[in-house]
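Here is what TrEMBL says about this protein:
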type     : residues : note
TRANSMEM : 6-23     : transmembrane segment
TRANSMEM : 30-49    : transmembrane segment
TRANSMEM : 61-78    : transmembrane segment
TRANSMEM : 85-103   : transmembrane segment
TRANSMEM : 115-132  : transmembrane segment
TRANSMEM : 144-161  : transmembrane segment
TRANSMEM : 167-184  : transmembrane segment
TRANSMEM : 191-211  : transmembrane segment
TRANSMEM : 246-265  : transmembrane segment
Amino acid sequence: MNEWASHPIAQSIIAPFIVALIASKLLNRLRLSGLALIAGFCATVYLVADFNFEPLSAIKKIILSGLIAAAIGLLLDLTPNTWRFMRYLIVIACSNVVLWMLWPVLQQKEIQEATIYGIGIVTYVTWMAILMDRLATKPARAGSAGMGLGVGIGISALFSASALLGQLGLAIGVACSAYLLTQLMSGKPFFCGRTFTLPLSLLCGLIAPATMMLAQMPWYCLPVLAAIPLVAHVPLPRNWSLREQIILLSILTLIIGAASILLAWSKAGVIPI
């Protein structure tokens, strides 16, 4: 059992998929199926990090931020909220979190270089937060975007010599694929909400810049990854079934994710084993 649990495939693919699949199915009746994402992510975190936050490194800040974002997203979904400025608060919060995570790294750089990196990563996480928040009521689009982002970021991180960040990214993509599969099988949309999109946008908004700053992911992977939630907004014929929407959107987002993987691969040349 310990041997199985310590295998990277079990940690980052099998475990999050099974947990997210079960959570998505069981929690849909309570309109909480959006928790499938963080449930799958937590399965991987438990196997690779055991929720030990001491010392609070950049990667542990990512995990902690994702958990807090899921709790806030759940609270926002459970309480009536018509305040139109909520999206702006989400953007401000996400921008501050990414700076908090990478501040020790930015402090070690020259002022001009740190400013360029800071503006770039804040722009990236802001873009993610805005576009993903718009998908909170569109489960097929949000799930497809999450799958493309998770797979793209995860495998790109593996090529960029960061196995742990790669596993966390893959867990997100696999959890989203399980969430989509339950809808594909039932033919009915499952509840999404900010319970799903807030931790998704924040985690993807943190893992990619962290891989760029802490490992070897080329900076130009970020604009490619940023195109994934935009592609998830592509207009589709109104008479298309949910299954048709999921299939096409998944293909499109995975193609963009594959582009990021190829860019990371072209720079690294080999996968770290």
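Even glycines carry a Cβ here, placed using N, Cα and C.
Any TrEMBL annotation is an automated prediction that lacks curation.
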Item to check | Non-local residues, at least 6 beyond the ends, that sit with Cβ under 8 Å of the transmembrane segment (30-49) | outcome: 5-6, 10-12, 15-21, 23-24, 59-60, 63, 66-67, 70, 73-74, 77, 146, 164, 167-168, 170-172, 174-176, 178-179, 182, 190-197, 199-200, 203
Item to check | When counting Cβ pairs under 8 Å to the transmembrane segment (6-23), the leader among 61-78, 85-103, 167-184, 246-265 | outcome: 167-184
Checklist entry - Taking a Cβ cut-off under 8 Å, which residues six or more beyond the ends of the transmembrane segment (246-265) line up next to it in the same chain? => result 140-141, 143-145, 147-149, 151-153, 155-157, 159-160, 173, 177, 180, 183-184, 217-218, 220-221, 224-225, 227-228, 231-232, 234, 236, 240
